[in-house]
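One structure is given below, encoded as structure tokens.
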């Protein structure tokens, strides 16, 4: 192409008379021909590759003695330099032109805007005004674009006012520039007001307004605008359809999206690449993957974007194996994957926590020089964190030349996932020092770190900042705040945040139900579960699991059975996590046979399902059955995790098998390389404590690689009560009173240990210490299920209307059990002597 242009320039140069020709020194009308030739040649040379030829033309003009200060020729030379990106020559030419005209200024402003030097563009605009040169309609589009580049809407409005005074507001170029700026910067009402004034609206202007509504999340007006455009003289094009289909996918407006698909087919645009790819994305996001696959198979030609859409669609719908197959098919079709491909595909690898496969893909990325953009870095970091390879995730962070908010958010989320809350907080502090403004996803990721560290004061400070920025209105941020307060022991504040939320999605409800269930309020959790359904929010597997957990904690078998029936009717019974929660509920409600039936009928079983049934038998004292299930789990190819070993060690503790419990602890840490957590050490302390090996229990605590919490010490204190070890109990209580000084249970337990050995002086001393520290004894309470109704009884409270009937039933139950030679270990709100037994 360039050779053809150069030949054209050469012919024109040879046809122009030399500088010494008489044509140069005469006023003959033939002078017009060389002038026209120079202008046309300069128009051809408006490309960086042809700047040398443009300079030759400029030299011919100068040598020929032609005056170009205020002529069209001078402006064309300036335009040539600007469009070629040669700003030094453009500046020199600019200063030799007549600056009372708008054209030289316009070209300089346009050039700076094209180069992204928006501040210089605006500086020249104001210099133009200061020079006294009046702008024209060609001045304002690049000036408005420069305002948009700097996100300076207030300055753009000042420019708009000047445009209006000059009567250029409805000019097609100036008006379109203003509408685009307003739409892209959130001033959609200003954009619409100006749009309605425009006498002529082309498809570009309609699409700008549509994209503006979409960007502002205004689905209603975007649909109305699309329908209005369809009825106008300007018909929708491929850009319009792609924009509207993206709305349907984000809002799950599948019916409307299907209608648009019909319009696309009638217009013959169904095979247009942007439209077809957006259709694929819409069907995938609306969980209509089969339709997306049909569309993909009908496409005569597929590109990289199409394959990326199919891989992403399979991952979004949970078909991880199919996503891997799609990736292999893409490679077989000789389509080179890019960073978007890997960012879409890596979550499928993460799902299986396959570190080996993840490293292979990482190696492929490095070998083929795939650019590591922020999304791919985040996907790799997420992969390594979920595969428990924290060091590799750190390396990716440290190898990055630039670190942005997305990568920082991935690091925070990964540290929280691995229980490294302090590291998550450090990253959060670092990004604040680096002047990065955290978004809603960052805040929702870091709030669990505050909860994990029980840092209530810091959490409140962050909550205040969130309110100032207005991000508390986002559902997932509000859910994270609710969860943070609940885990910090402030369920009252969690309730306040939940009630003030304007919109509540399933995540918000699930967070509050789970919080109540985990904070000893199972009845409130079940009430919230009912209210969630009454308000029209759809239940999901998390809702079901949280409600079943509340039934298990209550325990309320009849509520659990009702939810089980609901699960069967609504096809939730096939969900692995809901099924695992159902196993746990039946086991804790004493129906071990029902728990086993649920487990046996589950089609797909993962480690959560196996952990639930292993723990169920262990808690019922059936260690042999737990051992059998553990070995069956290994035979099925499912690797045990930290929860599996926790259940096995606990089962050994209930059965008094100290050696077996120690074996499983060593198996976990040495063979499977799973680091022991606080709960594992607490379980080992309980294992030794139940067997009377208090010294071993104390040594276990001292060998912990991190500081033991109150739960670990409390377990040992309970064992001291059982075995009457007063001296060790005193040592343990010092740690407990320091870690959790307001927990009345520890004071009462130590008091009872002294009372058992007749040391009443120490009992009084402990009671006095409680009064001195303002510790209030929490009364004990129990639940009992009678005729499908749950009753709660508080110790020493005889105000329950059915208390006499309940006590009578309890008395008969205990007498029946004793006649059969079984002494029940029941935690009752009344002593058996009260029942007359």
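Heads up, the Cβ atoms here are built off N, Cα and C, so glycines get one too.
Using a Cβ-Cβ cut-off under 8 Å and counting only residues 6 or more beyond its ends in the same chain, the repeat 'PPR' (171-201) has close neighbours at 137-138, 140-141, 144-145, 147-148, 151, 153, 156-157, 160, 163, 208-209, 211-213, 215-216, 218, 221, 232, 234. Annotation source TrEMBL lists repeat 'PPR' at 171-201 (among others).
Here the repeat 'PPR' (202-236) has a mean pLDDT of 87 out of 100. The repeat 'PPR' annotation in TrEMBL covers 202-236 (among others).
Counting residues 6+ beyond its ends, the repeat 'PPR' (303-337) has Cβ neighbours under 8 Å at 273, 276-277, 280-281, 283-285, 287, 289, 292-293, 296, 344-345, 347-349, 351-352, 368, 370 in the same chain. Annotation comment: TrEMBL describes 303-337 (among others) as repeat 'PPR'.
Within the same chain, residues 374-375, 377-378, 381-382, 384-386, 388, 390, 393, 397, 445-446, 448-450, 452-453, 677 sit at least 6 positions outside the repeat 'PPR' (404-438) and bring their C-beta atoms closer than 8 Å to a C-beta of that stretch. Look at TrEMBL and you will find 404-438 (among others) tagged as repeat 'PPR'.
Residues or ranges marked as repeat 'PPR' in TrEMBL: 505-539 (among others). The repeat 'PPR' (505-539): residue composition by secondary structure is 26 helix, 0 strand, 9 coil, according to DSSP.
For 606-640 (among others), the entry in TrEMBL reads repeat 'PPR'. Remote same-chain partners of the repeat 'PPR' (606-640), defined as residues 6 or more beyond its termini with a Cβ less than 8 Å from a stretch Cβ, comprise 576-577, 579-581, 583-584, 586-588, 592, 595-596, 599, 646-648, 650-652, 654-655, 657, 660, 668, 672.
Among the features that TrEMBL reports, repeat 'PPR' is placed at 641-675 (among others).
Secondary structure of the repeat 'PPR' (202-236), assigned with DSSP and counted as helix (H, G, I), strand (E, B) and coil, comes to 26 helix, 0 strand, 9 coil. Per DSSP, the repeat 'PPR' (404-438) is made up of 26 helix, 0 strand, 9 coil. Tertiary neighbourhood of the repeat 'PPR' (505-539): same-chain residues 475-476, 478-480, 482-483, 486-487, 489, 491, 494-495, 498, 546-547, 549-551, 553-554, 556, 559, 566, 570, 572, 790, 792, selected by CB-CB distance under 8 Å and a gap of 6+ residues from either end. Residue counts for the repeat 'PPR' (606-640) under DSSP, split into helix (H, G, I), strand (E, B) and coil, are 26 helix, 0 strand, 9 coil.
In the repeat 'PPR' (303-337), the DSSP tally of helix, strand and coil residues is 26 helix, 0 strand, 9 coil.
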